[in-house]
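Trainee: One structure coming up, written as structure tokens, with questions to follow.
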Amino acid sequence: MRRASSCGGAVAGSPSEAQDGGEDDGSLRNDTSHMSFEELLELQSQVGTKAYKQLVTGSSTKKQSSRPPVQKGCVADKHRPLEMSAKVRVPFLRQVVPISKKVARDPRFDDLSGEYNPEVFDKTYQFLDDIRAREKELVKKQLKKHRSGEEHEKLQHLLQRMEQQEMAQKERKRQQELRLALKQERRAQAQQGHRPYFLKKSEQRQLVLAEKFKELKRSKKLESFLSRKRRRNAGKDRRHLPLSKE
């Protein structure tokens, strides 16, 4: 309350001072109105042209603002809205309400999705194998209908892709079975009091390759596999040979 009264007193005192100054300027202008032209020229030479014009016209050379002065030190209510100039340009992308940044989350690599266990995953989604088998048979039927053309190429490419995925899944299952067998063997050695032996990755790859050869031999596809491998290795060797000079 004291702050408001002090501000009010400061504002109330300013008009009286302005009124006294206005009366003095009016009396001086009345005096100059009765002076002769020679006296006015002499007065102008004494006080200067700028002061003489201000005295005769009664206006300052500087433009005075018609708005009342802003009392910066006096605040009537601190809870009132902030006054801002209407001439300030509002930004085009003004953010009124803060929006939290969206963070992309991949469930495959997120801890909230749990730890990936291939054995549990295969048991949970085992029904997908039957769906893939039915889709493969459907693609084969469609391939028999379209013997040539662009549709035939698309179906052929799709069938090859499905067969490659099936082979990769079988290979992954074979490796899982091998790891499970090694784990059971180490557990049996520990129960018998022997120190368990952990195979190196190179030894595990050799075991997987041996199992793959056994599977190919049982299915009578070993010769075709070896011939493809020999052709692939021969192509690699030719790339490393120096070019013949003509």
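Glycine too: its Cβ is placed from the backbone N, Cα and C atoms.
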Trainee: Name the residue range among 1-35, 106-140 that Swiss-Prot annotates as region 'Disordered'.
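Mentor: So the range that Swiss-Prot calls region 'Disordered' is 1-35.
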Trainee: For the motif 'Nuclear localization signal' entry in Swiss-Prot, name the matching range from 144-147, 148-151, 192-195, 228-231.
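Mentor: In Swiss-Prot, the motif 'Nuclear localization signal' feature sits at 228-231.
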Trainee: Let me spell it out: take the region 'Disordered' (222-246), skip the flanking residues so only those 6+ beyond its ends count, and list any with a Cβ under 8 Å from a Cβ in it.
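Mentor: That would be 213, 216.
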Trainee: DSSP on the region 'Disordered' (222-246): how many residues come out helix, how many strand, how many coil?
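Mentor: Output for the region 'Disordered' (222-246) reads 19 helix, 0 strand, 6 coil.
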